[in-house]
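All remarks here apply to the structure that follows.
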């Protein structure tokens, strides 16, 4: 179970991007985070694994409190949190298979990680996941040769090969066309149910949230103003979520696509 308790994010300027956010996620629940641009959605998702450092509150995954962990312990817990990025965060010069296997780098010794010497079980599982995300036949293609939908599937496969306890997806469909967006959401739904893990998805497209999520959390100006099933997201609830214009986080919230180099990808895998 993931527990977020009274989470706060205050920037150096004194502006508050998250204001006492609390919720729990468990089982194979798919939770969509919606809200206007700058409401704090990316800040929230990225605070869970401390890509963005919260300034108050508590985050725990099962029996491990994530907030306050030192560097080595944080690396360990990040292995249990698969991250899927808006801008894919692939290493462009590497092949599809190499990008997927990078999700296992944190489990290797320093020497084996440097040489990318993966055990046979990791390679077998990578091939299995290739089939699962419909990337058979392109495993030897470089990442920069792929379409947007294929690139996001590689990102999903890289997260899944970690065997995480939870998946965090930061706007996974924002760079995709409508049909491909639905394919990606369907794939994430299948993964949640088949692997029995929860997924938290920051998403702009309300219709996708309604169609694919089990629960929707609506953020407005850094606060939860809706938390319930899609069927309860009536027009009044939508008006409450989207009532404002530009918020603090529009000016301060970092883009989910800012960390794109190989070191950040490897760090995110837990190495």
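We count from 1, first residue shown onward.
Cβ coordinates are placed from backbone N, Cα and C, and glycine is handled just like the others.
Note that the structure is predicted; figures quoted are calculated from it, not measured.
According to Swiss-Prot, the feature domain 'ABC transporter' maps to 2-246, an assignment based on sequence analysis. If you look up Swiss-Prot, you'll see 35, 36, 37, 38, 39, 40, 41, 42 marked as ATP binding site. Residues or ranges marked as compositional bias 'Basic and acidic residues' in Swiss-Prot: 243-254. Under the heading region 'Disordered', Swiss-Prot lists 243-271.
Cβ-based crowding with a 10 Å cutoff singles out 40 as the top-ranked of the binding-site residues 35, 36, 38, 40. Neighbour counts of Cβ atoms within 10 Å were compared for the binding-site residues 37, 42, and the top value is held by 42.
Residue 41 (ATP binding site) counts 27 other C-beta atoms within 10 Å of its own C-beta, drawing on all protein chains shown.
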